[in-house]
Amino acid sequence: MNATIGKLAANRLFWPVVMLLALFAINLVAFPGFFAITIKDGHLFGSLIDILRNGAPMLIIAIGMTLVIATRGIDLSVGAICAIAGAVACSILLGSSDPSNPATVAVAIAVAVGISLLLGVWNGFLVAVLGIQPIIATLILMTAGRGVAMLITEGQILTVNSPPFKAIGSGFWVGVPIAVVIAAVVFAVAALITRRTALGLMIESVGINPEASRQAGVRARGLLFAVYTFCAFCAAIAGIILTANQTAADANNTGLFIELDAILAVVIGGTSLMGGRYSLTGTLVGALVIQTLVTTVYTVGIPPIATMVFKAAVVTVVCLLQSPATTAAFASWRRTAALRTAGKEMAA
Amino acid sequence: MTGLAPEKTAEPSVQPPNRRAPRRATGPGFRPSPAGPGVDAPSTLTRVLSGIRHTFSSPKYGPVLVTLLLFIAVFVAGGLRYNGFFSGQVLLNLFVDNAYLIVLAVGMTFVIITGGIDLSVGAVVAMSTMIAASLLQGGWPPGVVIPLILVLTSLLGLLVGLMIHVFEVQPFIATLAAMFLARGLCYVISKDSISIVDPFFVSFAQTRIPLGGGLSITPSVIIALVVVLAAVWVLQYTRFGRTVYALGGSEQSGMLMGLPTARTKVLVYVISGLCSGIAGVLFTFYTLSGYSLTAVGTELDAIAAVVIGGTLLTGGYGFVLGSVLGVLVLGIIQTIITFEGTLSSWWTKIFIGGLLLVFIILQKVLTAKRR
């Protein structure tokens with residue numbers, strides 16, 4: 001029994017899942033209807049659906065961030081890219097004569113995503129070609145990016161009236177929120193591309209030892225470009241969802257601190273900031289933990305402003321539980337337990 | 001913290017002579033280096049020139065000097081372009097308006113030299129303003145409130161340091177958690193702005209110390225400068241300071257040499273916490289209120305100032321005075337944008353981003369040449 005628990009505890013996903021279940025349990029006690037999912041007008045409603053829908057943008061960014069972190073990098077600029085993508089899309093919609101036309105919306109989104117891809121290439125250039133530390137390379141765009149977004153919106157909050165655009169943020173597709181569908185597609189694509197091909201392995205190898213992987217014939221430079229561009233792509237999608245949800249582009253507040261939440265989701269999910277082994281499933285669990293925590297704080301009736309204290313607590317607990325010191329303690333406990341069982345068997 | 005650093009013992013003699021050479025070559029009292037006697041000495045001029053080149057291309061001094069030149073250039077350009085820019089008060093106001101940022105950058109310099117990072121400083125400043133405002137509102141005397149803030153913020157730094165050292169949590173994540181905690185505690189104290197009417201704080205905020213010639217500074221500037229001097233002394237002249245540099249150079253080597261790496265690593269975060277507390281008190285003097293949303297993103301300003309000031313983000317190189325210069329460069333950009341009038345405030349962000357880029361590439365080039 002002890003040995004089984006020990007083996008489970010050694011799994012990277014053990015603590016995040018325990019944390020998620022604990023949060024669910026708290027919710028179930030405080031709010032018995034938590035797991036109820038009802039269908040109204042053909043749409044799914046319920047706390048779980050809310051968690052998924054509100055967590056979708058952060059999850060999408062966290063997926064891109066996971067791959068960046070796996071290469072021993074980090075992307076701080078995603079929040080700024082969110083703001084830029086939202087600002088570009090909204091300013092195109094405002095400038096067009098017919099913002100309700102789906103074709104116009106498609107053009108606006110395409111341009112916004114295209115510009116974000118360029119920003120991702122820029123990050124990749126700084127990291128892969130100039131060899132600048134990722135945290136600083138992306139800090140540049142994090143600082144300047146919000147300024148650029150303000151430049152696009154000219155310091156205004158751009159409000160658009162476009163039903164097809166709004167649907168991306170708050171619409172439904174076969175009963176499921178469109179944002180959740182998009183997040184699921186991004187997750188599936190990322191998982192398929194990196195786990196069904198050798199790409200994931202190469203990303204991990206670059207994260208573990210760039211020099212060794214280069215000598216083994218892995219093109220680190222191209223991979224780095226790819227992951228930063230993909231991360232910017234994810235940020236653009238998330239930015240468009242966030243903007244569409246509010247039907248307004250706010251250069252200052254769209255995606256504010258979302259980079260921190262996304263990084264936390266990745267870390268809670270068991271991917272080390274030191275690069276190497278990554279887990280997209282872990283990131284999914286991590287994002288759910290954060291979003292469930294936020295929702296829990298609301299449902300339990302704690303003032304929402306205190307959310308950050310709880311976030312700090314969860315981050316600290318998960319990080320401490322996953323730390324090498326704790327892992328070592330657990331390993332020794334497991335060994336002792338195994339020895340004791342063996343001893344008993346000998347005596348018997 | 002300085003009490004923990006033992007008195008230095010005959011350290012100048014330990015330094016290798018080639019390390020001293022470039023500094024001496026550019027110093028005011030330039031004398032031929034005793035290191036290379038004999039072989040027909042090149043003219044003094046060439047040697048000065050090569051000394052200057054050497055200094056500019058060193059990862060240690062190069063970025064700082066470039067920052068200094070940039071600051072002078074921007075100041076002169078501003079003076080030529082705008083009326084009333086070329087005054088001593090404009091220069092002094094850089095210190096008055098950025099006293100808290102100078103203190104923050106000092107703490108951040110310690111952390112970054114060890115190769116770490118502290119994302120919590122902005123939130124800790126906000127928390128300090130909230131604690132000060134709410135306690136003063138509750139009738140606590142300033143003589144208790146201020147030391148209490150400094151102790152609390154140092155304690156938070158200690159916890160972060162222990163988390164980083166004992167549990168091997170990444171500095172980025174540990175200080176991020178501290179940031180969330182501090183920011184969250186602000187909201188717990190109050191979500192509204194609390195103004196401060198305590199006579200001591202008000203008089204401290206309004207006092208101007210005349211320097212003659214119509215120039216004046218605030219007491220905050222003096223405090224900031226005292227912090228800077230103390231930090232310079234600790235970093236350059238104590239064993240603790242040398243260990244900080246050694247940690248950034250290579251923690252492994254430092255440990256093998258028997259340096260107290262564990263204690264030092266924890267202490268730099270305590271120093272950063274203490275500096276954030278001091279900065280928070282100075283910020284409270286500056287704004288005379290506590291507000292949970294103040295100083296959002298200040299950690300980025302502090303990091304930017306440290307980088308522009310020539311501290312290498314990988315650790316090992318850097319000066320406190322460089323970071324002060326970095327703060328002044330950020331301040332003068334803001335001043336220029338104010339003087340320009342037509343430029344919108346968001347240009348500040350774009351300029352700071354651009355400057356960061358230039359300096360990081362410069363550092364990259366300088367360090368690449370050395371390796």
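Cβ coordinates come from backbone N, Cα and C, glycine included.
What you see is a predicted model, and the numbers here were worked out from it, not measured in a lab.
As recorded in TrEMBL:
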TRANSMEM  A:12-39  transmembrane segment
TRANSMEM  A:51-69  transmembrane segment
TRANSMEM  A:76-97  transmembrane segment
TRANSMEM  A:103-122  transmembrane segment
TRANSMEM  A:129-152  transmembrane segment
TRANSMEM  A:172-193  transmembrane segment
TRANSMEM  A:223-244  transmembrane segment
TRANSMEM  A:256-275  transmembrane segment
TRANSMEM  A:282-302  transmembrane segment
TRANSMEM  A:308-331  transmembrane segment
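Among residues of the same chain six or more beyond the transmembrane segment (A:172-193), those with a C-beta under 8 A of the stretch's C-beta atoms are 39, 42-44, 49, 52-53, 56-57, 59-60, 63-64, 66-67, 199, 230, 234, 237, 241, 245, 280, 284. Stretch with the most C-beta contacts under 8 angstroms to the transmembrane segment (A:223-244), considering only A:103-122, A:129-152, A:308-331: A:103-122.
Using a Cβ-Cβ cut-off under 8 Å and counting only residues 6 or more beyond its ends in the same chain, the transmembrane segment (A:103-122) has close neighbours at 77, 81, 84-86, 88-90, 92-93, 96, 141, 145, 162, 164-165, 168, 225, 228-233, 235-237, 239-240.
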